[in-house]
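So that you can see what the record holds, here are the features copied from TrEMBL:
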- 32-56: transmembrane segment (TRANSMEM)
- 77-97: transmembrane segment (TRANSMEM)
- 103-124: transmembrane segment (TRANSMEM)
- 221-242: transmembrane segment (TRANSMEM)
- 269-289: transmembrane segment (TRANSMEM)
- 310-327: transmembrane segment (TRANSMEM)
- 347-372: transmembrane segment (TRANSMEM)
- 384-411: transmembrane segment (TRANSMEM)
- 431-455: transmembrane segment (TRANSMEM)
Amino acid sequence: MGAMTLTAGIPELRPPVCQEQSVCIDPQKWQLAFLFSSLGLIALGAGAIRPCNIAFGADQFDTNTEKGRSQLNSFFNWWYFSFTIALIIALTGVVYIQTNISWVIGFAIPTACLALSITIFLIGRYTYICKRPQGSVFVDMAKVVSAAFRKRKINLKSGNQYSFYEPPQFGHDPDSEMPKLLVKKFKCFDKAAVITDPSELDAQGMPTNTWKLSSMQQVELLKCLVGIVPVWLSGIGCFVVMDQQNTFGILQAIQMNKSVGNHFTIPPAWMGISSMIALSIWIYIYESIYIPRAKKILKRDSRLTIKQRIQAGIIMSILCMVAAGIVEKRRRESALEQGSFASSLHVAALLPQFIFSGLTEAFAAVAVMELLTTQMSENMRSVAGAMFFFSLSIASYLSSLIVNIIHSVTGGNGKSPWLGSHDLNENRLEYYYFIIAALGCINLIYFTFFGSSFISSAKSIKVEGELHLENSVGSMARETKDLEELGAT
């Protein structure tokens, strides 16, 4: 961000101002190199911060206690709440300063915010719970796949008694302690931990070749990741709907009546703020009003389950597309009747689809992020965060693919395609919205009858892992007490 601020503040780092609208001097190669280098640093920084700050925040809660688990559940909602509030400020105040006052000040503000952020982060460096790194989970997963493939001919159902490589999970270092996972599905990967020959272990009981023999813990980590994928795919379906409002939703607003009174015009990009406001209001109501009162009345934790929230998010995504299609049909008909580029229909008619988009994010996105972070092993939390933001990227590419397919299919034989014209009045955007809504219905059926079954599996993984940890800690405590009594005797 500092380099981006320099490009706006130092004239030598950018091409001269255009003399006329169509007469502009191209930037020099070294100027472009400086600009792209700064953008590359921003991408690297975002790629490092976004997955890891969720995982690092989750590490600060003790999930072995009821209070810690409850605080962790609230953490994801409040993280998304603060993330959304920051976006609202950026899209209103900062963008206004950049476009109407000064690009230098507009870039300097986020630069200063990041400097303040790292300062606050470093102030608390002695209070954080820091998990020690334990190698690459991706290398371990590759080893499991390799070992399972080498032993693919083993028949675990044949009734033969096989020995599995399962070293002790608890050592002297508390940071290295990791609960044993118990995944009931994907048994084919269990073959990677089968000891087929005593020579596979050395004198210390360690594998002589880790690409031929994996531990059960490594197998369970891979199975846990694979088990999350069906739910993760449903999340991508919701994110595709959210992506539409950032593109076609803004284009709709451009060709509508945006005036408020006689002196103010609503910027089309501001429509996205309504989604963020809806998301923030729901999170506040859910965390600060619904949960405390429901817990007081029912005398138990009454949070919506991850399955319920994802299902609600998918339903909201369907309603979003249906509402968008209905409004677009009215907007287009109004513009064609008037023979004008912009319809007389007010931009406020877009609020329902943007609000539904925000609620889709509030229900589905937060639930998927929580599922990925809490239901995977603690040493895979940064991987879970990366998967969440990776799914947002996949949704954008998938949306572009759907647009290209519809453009190609509907534009054949000299026909006018549904999408592609710069004037929405020449398109049939409402048909595109209804197709996305139909895909949302398919996603709801897929998740209800298939994807949601893996959430139950993931939940049992977490519970059994915590019970294993608690039982092991309890066993060690009893052994310590017995030793103390023996010493006293």
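Placement of Cβ uses the backbone N, Cα and C atoms for every residue, glycine included.
Counting Cβ pairs under 8 Å that are 6 or more residues apart, the transmembrane segment (431-455) and the transmembrane segment (77-97) reach fewer than 3 and are not in contact. Comparing 77-97, 269-289, 347-372 for CB pairs under 8 angstroms to the transmembrane segment (221-242), the maximum falls on 347-372. Residues 1-2, 4-5, 8-9, 90, 94-95, 97 of the same chain lie 6+ residues outside the transmembrane segment (103-124) yet bring a C-beta within less than 8 angstroms of a C-beta in it. Counted as Cβ pairs under 8 Å, contacts with the transmembrane segment (384-411) are highest for 32-56 among 32-56, 77-97, 310-327, 347-372.
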